[in-house]
């Protein structure tokens, strides 16, 4: 009898604290075209009035144009994300064109909000990514025209043109706003700067070496 009474009390307590959660992963409307003028703060961009949406909100022209690779790295990324195509808002997808000068690189970086799938249109690319701690395994491959390679979300990755001619790739990303963190810029070019002695200890080099690298960013 006592055991039965305790069981009833337990059920009553659990019923009192019961919380129902609901989540709808699919869009609840046809589209949510980004309204960059809105002052409403949401996780993403607020929606434009559907009645004012036009075809241009879903359109971008520019991926046919070769990027200017006359820079330190010999590469240029031309994005087609929600900043260029407002209609991508909430749809979880975007594109980018990457141009590479001979032996140019797209230096080590991460996309904190997206997995990337890259297709080589012209040339040969060495690509790679590094797994998380503690293994830090370097997974790399040389790609030719038509080859496809995947960079898992959040992992450090890079590309390098392996030829004496220009190379071109198209990347698709699983976010309308994938974000990018360039490793060298983040570590050595942050504002305000990370203390030199911290970086010297982290990289196990003299502080003068760190200061010299920081001066380039």
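Using N, Cα and C of the backbone, Cβ positions are placed for all residues, glycine too.
Bear in mind that TrEMBL entries carry predicted annotations, made automatically and left uncurated.
For 1-22, the entry in TrEMBL reads signal peptide. The disulfide bond annotation in TrEMBL covers 32-47. Feature annotation from TrEMBL assigns domain 'Cupin type-1' to 61-211. The oxalate binding site annotation in TrEMBL covers 106, 111, 116. Taken from TrEMBL, the feature Mn(2+) binding site applies to 109, 111, 116, 157.
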Notebook entry, point to check: Taking the centroid of the Cβ atoms of 109, 111, 116, 157 (Mn(2+) site), which other same-chain residues have Cβ within 8 Å of it?
Noted result: 110, 114, 129, 151, 155, 156, 178, 180
Notebook entry, point to check: Can you list, in sequence order, the residues of the same chain other than 106, 111, 116 whose CB lies within 8 Å of the CB centroid of the oxalate site?
Noted result: 96, 109, 110, 114, 118, 151, 157, 171, 173, 178, 180
Check: Taking every protein chain shown into account, which of the disulfide-bonded residues 32, 47 has the largest tally of Cβ atoms within 10 Å of its Cβ?
Finding: 32
Next item on the list: Out of 109, 111, give me whichever of these binding-site residues has the highest number of other Cβ atoms within 10 Å.
Entry: 111
Next item on the list: Output, ordered by sequence, the same-chain residues six or more apart from residue 116 (oxalate binding site) with a CB under 8 Å from its CB, or 'none'.
Entry: 150, 151, 157, 171, 172, 173, 174, 178
Notebook entry, point to check: Using Cα coordinates, what distance in whole Å links residue 109 (Mn(2+) binding site) and residue 32 (disulfide bond)?
Noted result: 29
Next item on the list: Taking the Cβ of residue 157 (Mn(2+) binding site) as the centre, count every other Cβ atom within 10 Å, in any protein chain shown.
Entry: 22
Check: When a 10 Å sphere is centred on the Cβ of residue 106 (oxalate binding site), how many other Cβ atoms does it contain?
Finding: 25
